[in-house]
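K.L.:
Before I ask anything, let me first share the structure, which is written out below as structure tokens.
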Amino acid sequence: MSEQPSQNSGAHTRFVALKMCLQVVEHGRSLSQVLPEGLAQFSDKRERSFVQNLVLGTLRWQFRLMAIRSQLLKKKLKAKDEDVNQLILLGLFQILHTETAEHAAVSETVNVTAKLKKPWAKGLVNGILRNFMREKDAICAEVDLKPAQKYSHPQWFFKAMRKAYPEHWQEILEANNQIAPLTLRNNALEQSRDELLQAFAEADIQASEHPHCQQGIVLEQSTDITQLPTYDEGGFSVQDAAAQQAAQILQPQAGQKILDACAAPGGKTAHLLEYANADLDLLALEKEPERLDRLAENLHRLGLECDYRVGDASQASDWWDGQPFDKILLDAPCSATGIIRRHPDIKWHRIPEDIEELVEIQQKILDELWQTLKPGGQMLYATCSVLPQENREQMQAFLERTNDAEMIPLAVDWGWQDSEIGRQILPGQDGMDGFYYCLLQKQA
Ligand SMILES: C[S@@+](CC[C@H](N)C(=O)[O-])C[C@H]1O[C@@H](n2cnc3c(N)ncnc32)[C@H](O)[C@@H]1O
């Protein structure tokens, strides 16, 4: 159950990890913002990796750790003492999931109470963690009687998975608690995948081809990608194998007019361009200006160009020139419940009301963009969600209300074979993120 090799790096690293957890849990910030800011405080690679594991792990196991804490401390802590609460969870995480010697992990965690300026908490944290060390097996057995606690997910999400995937929900929840592989996409405009693998091998980087991606490479170990060969020349991008299916399905051809409707940070935009030898009339549209800046930076690093602009995909009159598109990629805003293993804070941030709102937004964008598609043209609908409302049910409703739309079955050998409309990839299947694709064609 260990997360990564870890060392006992003292109270300071734990204090910084605690502050990052609080930013997510108490202040509702996203881990992808909080993590780089917090890790920037450490120049030592091992300390960075230790802190990263503490934060990701404590958030990943948050729901189970909370249930364990409730067994040990019947009285709830006050809201203003959320720091002490998170510190207890951080301590429990170390006892359960890291290789740090238990007694050392506990005493360094207890030392953090001094940094919180809450001396009263010293005895409390110490007592709870030491009690847990003594009664670990019995407490875990009790907590694990409830599946949402055992797999550390919010109750609503556990129920949604059990309903949608009666035979696969355990696998999904388990996969969400795993550390995701680091997958790259070779930039075919720079070199072949074999050539990049060769360059990696020469630099002693262990990597292999992904079986379902023409350009996918899976690294055997997590590493600083900016140090890998060809990074500075734009030789590759970081992109999960599931996300690499978009360009492979849509197959943009030279000269086609393409819309990438929800494009930032541009992973799929870049892949579409690379796929068609950079010879596309491609518009990348994005609602959030700061995110569009990231798209521009990413294209620049890869030496790629296309039209890009800020715009709302559900308001075509604001940005469409009236010339229909041959193909549209709609990588829709979604719950991101397929990528929980990469972003464990999603478990914390996402609530059922969000899903209803997202389903409505997706529906609005679908209906609007359909008007901009050429007769005979194709639209690929994609989400990184595992919820049927955003995927299969969304597509079923669209096909029912749209007379000139038909579904093109995907001739692929990946994903969950039971899905009738489109193809669902469950998290962890063939090492991929949870994703959904449905290819639609407008009748000529
Ligand atoms: C799933 S992400 C896209 C990821 C991107 N396709 C990639 O591969 O890098 C969805 C994006 O849609 C943007 N978005 C949300 N609502 C939008 C709208 N109405 N119009 C355009 N973009 C929107 C979000 O800001 C977000 O950047």
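Any Cβ shown, glycine's included, is placed from N, Cα and C.
Since we're looking at a predicted model, the values are computed, not measured.
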K.L.:
Pick the one from ASP232, ASP240, ASP331, ASP345 that TrEMBL also lists for the S-adenosyl-L-methionine site with CYS262, ALA263, ALA264, PRO265, GLY266, GLY267, LYS268, GLU286, ASP312.
P.N.:
ASP331
K.L.:
Counting across all protein chains shown, how many other Cβ atoms sit within 10 Å of the Cβ of CYS384 (active site, nucleophile)?
P.N.:
25
K.L.:
Considering each pair of residues in CYS262, ALA263, ALA264, PRO265, GLY266, GLY267, LYS268, GLU286, ASP312, ASP331, all listed as binding S-adenosyl-L-methionine, report the largest CA to CA distance in Å, no decimals.
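P.N.:
Greatest Cα separation within the listed binding residues comes to 19 Å.
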K.L.:
Using Cα coordinates, what distance in whole Å links CYS384 (active site, nucleophile) and LYS268 (S-adenosyl-L-methionine binding site)?
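P.N.:
The separation of the Cα atoms works out to 13 Å.
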K.L.:
For CYS262 (S-adenosyl-L-methionine binding site), what residues in its own chain, 6 or more apart in sequence, show a Cβ-Cβ distance under 8 Å?
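P.N.:
Result: LEU285, GLU286, LYS287, ALA313, LEU330, ASP331, ALA332, PRO333, ILE365.
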K.L.:
Counting only other Cβ atoms and using a 10 Å cut-off, which of the binding-site residues ALA264, GLY266, LYS268, ASP312 scores lowest?
P.N.:
ASP312
